[in-house]
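J.: Starting off with a structure, shown below.
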Amino acid sequence: MSSEKEKTIAPLSSSSSSPSVELCKGINGLDKVILRESRGSSAEVYLYGGHVTSWKNDHGEELLFLSSKAIFKPPKAIRGGIPICFPQFGGLGTLDQHGFARNRTWTIEDDPPPFPTNTLSKAFVDLILKPSEEDMKSWPHSFEYRLRVALGPGGDLMLTSRIRNTNSEGKPFSFTFAYHTYFSVSDISEVRVEGLETLDYLDNLRNKERFTEQGDALTFESEVDKIYLSTPTKIAIIDHEKKRTFVVRKDGLPDAVVWNPWDKKAKAMADFGDDEYKYMLCVEAAAIEKPITLKPGEEWKGRVELSAVPSSYCSGQLDPQRVLQGS
Ligand SMILES: O=P(O)(O)OC[C@H]1O[C@@H](O)[C@H](O)[C@@H](O)[C@@H]1O
C-alpha cells in the first residue's frame, strides 16, 4: 500500500470527532441544523418553527417522540419534538392555538448579543424570529425572539429563549409560553413523573378548573391535560421499562404542562398515529398562569435543560429523592 493511500484512509477510520454544526435539507427540503457532540449525541433543529425534532444520546437512541404521521409542511406545526408555544399557550387568547412561533420560519443568527453566562457547549445554533407584517396584524407588537439550541458535552439538550420588546411607541406586551416537549417513552403505563405531587393545577379537561394533586408520583391510565402551577425547577420523568429517567431543569418557567391525548383524541388527530399515545408524554416547561409582561427594551429569558440518565434503583424500587435531589 502506498504511503499516499494510507494518509487518505487514516482520518476516515478515526473514531473520535469534534463537535459540529451542519446546515442541511430535511424532510420536504426544509432547512435543518444538525448538532453533533464528540461522544456521539446529536440534535436536529428545523428552521421551520425553530423546532427541535430529534435528540439522540451517545448510543444513537432517540429521546424525543416524533409522530410517524408528522406533517413537515407549513403552515402545519410539526407533531412531536419540541414545538415552541409563543406568544400564546393553548387557546388562552385571540391567536391560533399555541401562537405562531411554531409555524414560522426562523433565521440563523451568526452573531447574537452575548449571553451573560457562557455555555460550555460547542455544538449550538442561534435562531431568531421577528414578526412579519402579517403577524403584526394579529399580534401588533414588535419583538426579537432569540433561541439558542445547544448540546452539552455529556449530551444534555439546552434551549434558551430570549424575548425582547422592540416596540418603538412605548407599548408593553404580554405573552404566555411553553417548550412543548414530547418525550419518547417505552410504554406510558410504565411511566411516573416526580416533582409535581401536591401542587395545584388547572385541568384543561375540566374547564381549566383548579385542583390540587395528590401526594403520589403521577402515573397514567387515561387522557391527561393539566397545567401545574408554581412547579419546582426540577421534574423527573421515570421510564420504568427503559430504566431511563429524563430530568427537566428549568429557569424562568414556573408552570409545567403534562399532556397525553390517550386513545380517543389520538384517533381524532390526523398527524398522530392511533397507538402512538403509548410512546409519548409531553412535559412542558411553561409560563402560563401569570403572563410575562415586557416594557419596550426589556428582555425575558426562559431556559430548559434536558438530560437522560439511567434510572437509579434502591431495593428494586426507584428512588425518586435521588433523582430529584441529585445534581
Ligand atoms: O394539537 P396541538 O395544537 O399541537 O396541541 C396539543 C396539546 O398541547 C397541549 O399543550 C395542550 O395542553 C393540549 O390541550 C393540546 O391538545
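Note: Cβ is positioned from N, Cα and C throughout, glycine not excepted.
Bear in mind that the values here come from a model prediction, so they are computed numbers and not experimental data.
The feature region 'Disordered' is assigned by TrEMBL to 1-22. The annotation substrate binding site is assigned in TrEMBL to Arg79, Gln97, Arg102. What TrEMBL lists as active site is His180, Glu284.
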J.: Based on a Cβ-to-ligand 1 distance below 6 Å, what subset of the binding-site residues Arg79, Gln97, Arg102 would you report?
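T.: Only Gln97 meet the Cβ criterion.
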J.: Same chain, not part of Arg79, Gln97, Arg102: whose C-beta falls within 8 angstroms of the C-beta centre of the substrate site? Give them in sequence order.
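T.: In sequence order, the nearby non-listed residues are Lys76, Ala77, Ile78, Pro83, Cys85, His98, Asn103, His180.
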J.: Give the three-state DSSP assignment (helix, strand or coil) for Gln97 (substrate binding site).
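T.: Coil, per DSSP.
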J.: Between Arg102 (substrate binding site) and His180 (active site), how far is it from one CA atom to the other, in Å?
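T.: About 10 Å separates the two Cα atoms.
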J.: Check the Cα distances from Glu284 (active site) to each of the recorded positions Arg79, Gln97, His180 and keep only the ones within 10 Å.
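T.: Of Arg79, Gln97, His180, within range: His180.
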J.: Compute the C-alpha separation of Arg79 (substrate binding site) from His180 (active site), stating it in Å without decimals.
T.: 10
J.: So the record assigns Arg79, Gln97, Arg102 to substrate. If I measure every Cα pair among those residues, what is the longest distance in angstrom, as a whole number?
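T.: Taking every pair of listed residues, the largest Cα separation comes to 14 Å.
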J.: Please report the DSSP secondary structure of Glu284 (active site), reduced to three states.
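T.: Once the DSSP labels are grouped into three classes, Glu284 (active site) ends up as strand.
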